[in-house]
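Q: Copied straight from TrEMBL:
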- 26-55: region 'Disordered' (REGION)
- 26-40: compositional bias 'Low complexity' (COMPBIAS)
- 66-247: domain 'Tr-type G' (DOMAIN)
- 75-82, 140-144, 194-197: GTP binding site (BINDING)
Amino acid sequence: MWTLAGQGCWRRCALAAWATRAARRGLPAPRPAPTRGAAAESKAPDRSYSSADRKEKIDMSRFPVENTRNFSIIAHVDHGKSTLADRLLELTGAIDKTKNNKQVLDKLQVERERGITVKAQTASLFYDYEGKQYLLNLIDTPGHVDFSYEVSRSLSACQGVLLVVDANEGIQAQTVANFFLAFEAQLSVIPVINKIDLKNADPERVEKQIEKVFDIPSDECIKISAKLGTNVESVLQAVIKRIPPPKVHRKNPLRALVFDSTFDQYRGVIANVALFDGVVSKGDKIVSAHTQKTYEVNEVGVLNPNEQPTHKLYAGQVGYLIAGMKDVTEAQIGDTLYLHKQPVEPLPGFKSAKPMVFAGMYPIDQSEYNNLKSAIEKLTLNDSSVTVHRDSSLALGAGWRLGFLGLLHMEVFNQRLEQEYNASVILTTPTVPYKAVLSSAKLIKEYREKEITIINPAQFPDKSKVTEYLEPIVLGTIITPDEYTGKIMMLCQARRAVQKNMMYIDQNRIMLKYLFPLNEIVVDFYDSLKSLSSGYASFDYEDAGYQTAELVKMDILLNGNIVEELVTVVHKDKAYSAGKAICERLKDSLPRQLFEIAIQAALGSKIIARETVKAYRKNVLAKCYGGDITRKMKLLKRQTEGKKKLRKVGNVEVPKDAFIKVLKTQSDK
């Protein structure tokens with residue numbers, strides 16, 4: 001039997017022999033096993049290989065509050081926000097100057113493919129000016145109306161904005177909307193006229209527009225070309241001179257606002273935070289005001305534009321924080337983080353985003369349901385403006401009813417699901433949230449409120465149960481060259497819009513304001529507007545509440561049976577055209593049967609449109625060579641009776657691919 005000493009002696013001999021063989025072959029010798037005394041020391045984790053410590057940590061205490069500036073870049077779509085951000089990153093040395101620097105902050109595949117910004121991105125820039133080093137925290141924001149929630153969130157972490165306007169296009173609809181977002185937040189606005197290198201650029205005209213519409217003196221405008229880098233240095237100097245430092249207190253207890261978050265498969269939730277008070281460092285215990293859960297901070301840092309770990313983050317600075325949040329629901333955007341046992345008054349946070357468009361989302365194959373559920377959870381952490389409700393359908397199975405801020409938002413969400421999570425889904429026709437005012441006390445008791453919101457058309461209540469229906473309306477702003485005004489006015493009237501205002505912003509550009517029913521613009525209004533105005537008109541809208549409307553629920557019947565998935569809510573005046581369009585698309589999509597299929601659109605018991613899919617028909621007269629007419633009539637009569645019987649017995653099942661074709665938006669026709 002071996003003794004312990006014998007075992008140790010044997011291990012030392014084996015190690016010596018191994019070392020000799022390794023030396024002969026030119027391999028590194030094995031490390032000896034630690035002794036008992038060393039074992040205790042070896043339990044301390046070896047941090048030398050962690051990615052956080054491989055990078056040199058920045059000392060953020062070098063930047064006092066008066067040398068810190070937090071600002072956003074806001075503009076209409078395609079006015080050069082991301083290009084200006086690229087030049088600012090190059091000027092401050094955050095990235096190397098190369099020809100490949102295009103949309104550096106746009107990291108998503110969908111952003112690079114479409115050439116638009118979808119997610120607001122943060123970058124901390126270090127800039128020397130007049131002998132002082134400044135910390136400039138830049139947030140690049142989206143320009144499309146559907147992502148205005150991203151813009152309003154980003155502005156909460158800023159004290160000023162760069163309002164970028166195209167020297168060729170001039171002020172457009174989203175320029176106006178974004179300016180008023182910044183104005184309401186009482187931020188300093190620096191107007192920047194971009195693309196002065198273009199052949200048709202007219203910066204003087206744009207200066208006059210800015211002075212007329214926004215009441216900003218023309219001598220405050222900075223004229224640049226972000227593409228060529230012309231005069232971009234003066235933008236950084238204006239940020240330092242014109243934007244005030246944040247009003248914060250570093251000696252107070254920690255108060256940090258979570259204004260964005262992403263999910264990393266290995267590190268959990270990465271929260272983007274703006275510090276309003278105090279200091280946070282690695283190892284601190286922090287508490288979420290929303291969930292009251294306690295976490296230990298694993299890493300803090302700034303984005304430059306890639307993650308750069310730091311020792312600490314101080315009040316007035318913007319950075320990221322990793323605290324071992326494993327569940328996607330734990331990092332609520334708008335949440336306040338504070339130190340354990342040092343509770344503070346939570347920050348106001350954000351108004352929750354109001355979904356404007358709802359659509360059903362179902363997995364193509366029900367076996368993919370759990371994978372899709374996990375993908376939607378992770379993506380909604382990254383995009384908190386999407387609302388999710390469980391839903392199910394007889395034809396399409398279990399799924400969700402998702403609320404989006406607009407149609408582009410819905411398309412981008414779908415594209416990100418496919419690209420980032422490899423998920424294929426069926427999306428139903430987008431609908432808007434209607435309201436109904438209930439008539440009887442019994443119904444009010446049942447629903448527990450007098451006014452109910454309907455996001456699924458199948459649950460639309462009958463006219464006998466309600467006193468009135470309400471539909472959402474929006475205040476739309478259209479900016480267009482004046483030669484297209486007549487066509488655009490006709491388009492707006494066809495969409496049941498009411499004109500509110502009309503104003504010339506210069507000699508040949510006009511700004512129209514209309515009240516639109518949301519369901520009239522949600523699908524294809526933007527495309528129609530662009531085609532009418534040769535692409536020159538721009539459109540933006542904001543929520544304007546609800547108005548009473550004559551709404552009806554339109555059922556689609558196949559051989560007398562209602563198909564729940566195709567139920568829609570339409571205005572009474574538009575019911576016939578909408579019903580006819582759906583019936584025609586169904587006729588083209590449904591496979592023929594051995595019996596006739598009647599496709600009908602109905603308002604209650606009244607049929608308003610009908611299409612028929614003819615039956616397959618065997619030629620029963622093929623064997624008759626002449627002969628008496630009664631013989632032929634007998635065979636035809638027998639066939640008709642058989643078809644009649646089949647029609648009673650046969651069920652029409654709508655195949656999934658037919659559903660997908662019919663549920664595609666009207667503009668695809």
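Including glycine, each Cβ sits where the backbone N, Cα and C put it.
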Q: Taking all residues of the domain 'Tr-type G' (66-247) together, what is their mean pLDDT?
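A: Across the residues of the domain 'Tr-type G' (66-247) the model's pLDDT averages 80 on the 0 to 100 scale.
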Q: Could you check the binding-site residues Ala75, Ile196 and say which one's CB has the most other CB atoms within 10 Å?
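A: Per the Cβ count within 10 Å, the most buried is Ala75.
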Q: What's the number of neighbouring CB atoms sitting within 10 A of the CB on Thr141 (GTP binding site)?
A: 27
Q: Within 10 Å of the Cβ of Asp78 (GTP binding site), how many other Cβ atoms can you find? Include all protein chains, please.
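A: There are 16 of them.
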